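Enquirer: Pasting in a structure now, in structure tokens, and then I'll have a few things to ask.
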Amino acid sequence: MSAEAQVAGLSPRAVAALAVVYTAIYVVPIYLSPTSRPAPNLSRDSPTVIRSRVRAASFSCLVCTLATLLVVTGRGGATLAEALRLMGWWPVHLADVARVVLLVAVLFAGPLFEAGVVEGGWTSWIRADGLADALGSWTGYRNYVAGPVTEELIWRSLLVPPALLALPHSALTTSTSTTTSPSTPSHATNNPTSTLTPTSLVLVLPLSFALAHIHHFYEFSLTHPRTPLFAQLLRSLFQVLYTSLFGAFATFAFLRCASLPAVVAAHAFCNWMGLPRLWGRVGAGSVVAVDGAGPDHAKGLRGWSEVRTDAGVAWSVAYYALLVGGAVGFYVLLWPLTESERALVRF
């Protein structure tokens, strides 16, 4: 912002209202078209449904982008270049993207070991076998491109910048200022009476992201009417928990490095991996991914075919050791690998 610009600030209630409005703008259009709204005889994996929902999500992103730009430039007094930086669009720093993806890969050390070493998938990864086919399909495009891009755009890139206006001045950072990397305004008044903290943003903002997935309960109940209601509720609660945890991490990473590509890449990676195995013996004939496990319920490029090998107990011991070690490593590396001179806030 210019030296004379002053940020009027937003109240925490205004930020919460904006989160609800953005969530509604993203979810409601799905129900406006007969080709996208849930129905008993309509699969969410149908190309027609996916195309319709991608169009609706794209329109929602356009509307929310204009709204955020209006708030940040109008209410906040930012220039267009500063707004793009706060939204994580530009400049793109590949080192930040690589560090965030590496952090997520550490968390999934166990599943990567199972899929790559035990099941021998590492050779396919090197050759990128199946990548073109997966991304060329509508389900792959949704799970690894459209889903991560539109969701991270709404709940990180477009919701975090207005939320910064609700923070007290002391919570903001002053990044290295260049003509291509405008700084977060250290002189901004923001909301001097606000008790909101960066940690609050990490914990609260993802709730709207999780709530946006509740409508899948309605969709699942229509397409799986014979599934007991209790099982449907448990499935939905698990999705809310999983998306809340991922949303908290993505919000934290975005606040730490201000990079939309970084959180999009992390989101796509999690969709590819799915839910880690938490029990059972590796290589004993089990599916690789679990339906509904990822933030976008992705099946994963690794497929659903059963893998039967002669893996011994040592492989399982190694897997669970890496699973625990990956979680510990994620905790230890969380701050170092998300550190960036482009951080938006001070924790």
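Residue numbers in this text run from 1 along the chain shown.
Backbone N, Cα and C define each Cβ position, glycine as well.
Quick paste of what TrEMBL says about this protein:
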- 138-273: domain 'CAAX prenyl protease 2/Lysostaphin resistance protein A-like' (DOMAIN)
- 14-33: transmembrane segment (TRANSMEM)
- 54-77: transmembrane segment (TRANSMEM)
- 97-118: transmembrane segment (TRANSMEM)
- 240-269: transmembrane segment (TRANSMEM)
- 317-337: transmembrane segment (TRANSMEM)
Enquirer: Given a Cβ distance threshold of under 8 angstroms, which distant residues of the chain, six or more beyond its ends, lie next to the transmembrane segment (317-337)?
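Expert: Residues 99-100, 102-104, 106-111, 113-114, 118, 252, 276-277, 282 contact the transmembrane segment (317-337) from elsewhere in the chain.
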Enquirer: So what's near the transmembrane segment (97-118) in sequence-distant terms, Cβ-Cβ under 8 Å and 6+ beyond its ends?
Expert: 125, 253, 257, 259, 261-263, 265-266, 269-270, 273-274, 276-277, 282-283, 288, 302, 309, 311, 315, 318-320, 322-327, 329-330, 333-334, 337-338
Enquirer: If you average the pLDDT over the domain 'CAAX prenyl protease 2/Lysostaphin resistance protein A-like' (138-273), what number do you get?
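Expert: It averages 86.
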Enquirer: In the domain 'CAAX prenyl protease 2/Lysostaphin resistance protein A-like' (138-273), how many residues does DSSP put in helix, strand and coil?
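Expert: Helix, strand, coil within the domain 'CAAX prenyl protease 2/Lysostaphin resistance protein A-like' (138-273): 94 helix, 3 strand, 39 coil.
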